[in-house]
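Q: Please see the structure below; I have some questions.
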Amino acid sequence: MSATVRILGIDPGSRVTGFGIIDVRGRDHFYVASGCIKTPADEPLFTADRIAVIVRHIGEVVAVYKPQQAAVEQVFVNVNPASTLMLGQARGAALAALVSHKLPVSFTEYTALQVKQAVVGKGKAAKEQVQHMVVQMLGLSGTPQADAADGLAVALTHALRNHGLAAFTKLNPSGMQVKRGRFQ
């Protein structure tokens with residue numbers, strides 16, 4: 001019997017940070033939890049209060065669900081430098097929470113393109129396509145919010161990259177084939 005590995009995926013955001021937790025056991029994968037951390041709308045972007053909310057809530061998620069591994073979506077460089085800086089602060093807050101709870105992150109990060117490629121098979125996939133594939137891959141009865149689905153997609157990407165495609169043989173609900181590590 002294979003050991004269960006619990007993975008936390010985080011999609012950092014200045015207003016909403018999404019998270020998703022999955023378990024990988026041998027050839028099976030299971031949904032554990034997901035959600036969105038919303039920072040106070042009445043606070044200016046980006047204040048210590050917003051950072052504190054992200055750190056506190058990610059810390060609570062880690063304390064409750066006890067993941068063994070974590071991965072974070074990498075911040076992209078935006079046309080607007082202020083937006084990039086705010087996303088970087090949200091990412092830093094999430095990483096600080098993980099490190100403060102002694103979670104071995106190894107700073108595993110994936111670009112949005114890598115996440116979409118791993119989950120949907122197309123790096124330019126729309127958010128709705130990511131949500132749809134997360135529902136299919138995890139056998140969910142409902143559709144998670146977009147940011148929570150992104151967190152789950154980050155966790156799935158980490159599982160695919162680090163626990164092998166063999167762990168995800170049942171990910172193929174539509175008869176797609178895996179070629180060069182991608183669904184075709």
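A Cβ is built for glycine as well, from the same backbone N, Cα and C atoms used for every other residue.
Got these off Swiss-Prot a minute ago, pasting:
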type	residues	note
ACT_SITE	ASP11	active site
BINDING	ASP11, ASP147	Mg(2+) 1 binding site
ACT_SITE	GLU73	active site
BINDING	GLU73	Mg(2+) 2 binding site
ACT_SITE	ASP147	active site
Q: Non-local Cβ contacts of ASP11 (active site) (under 8 Å, 6 or more apart, same chain)?
A: THR17, GLY18, PHE19, GLU73, ASP147, ASP150, GLY151, ALA153, VAL154
Q: Around the Cβ of ASP147 (Mg(2+) 1 binding site), how many other Cβ atoms lie within 10 Å? Please give the count over every shown protein chain.
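A: The Cβ of ASP147 (Mg(2+) 1 binding site) has 24 Cβ neighbours within 10 Å.
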Q: How many other Cβ atoms sit within 10 Å of the Cβ of GLU73 (active site)?
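A: Taking every protein chain into account, the count is 26.
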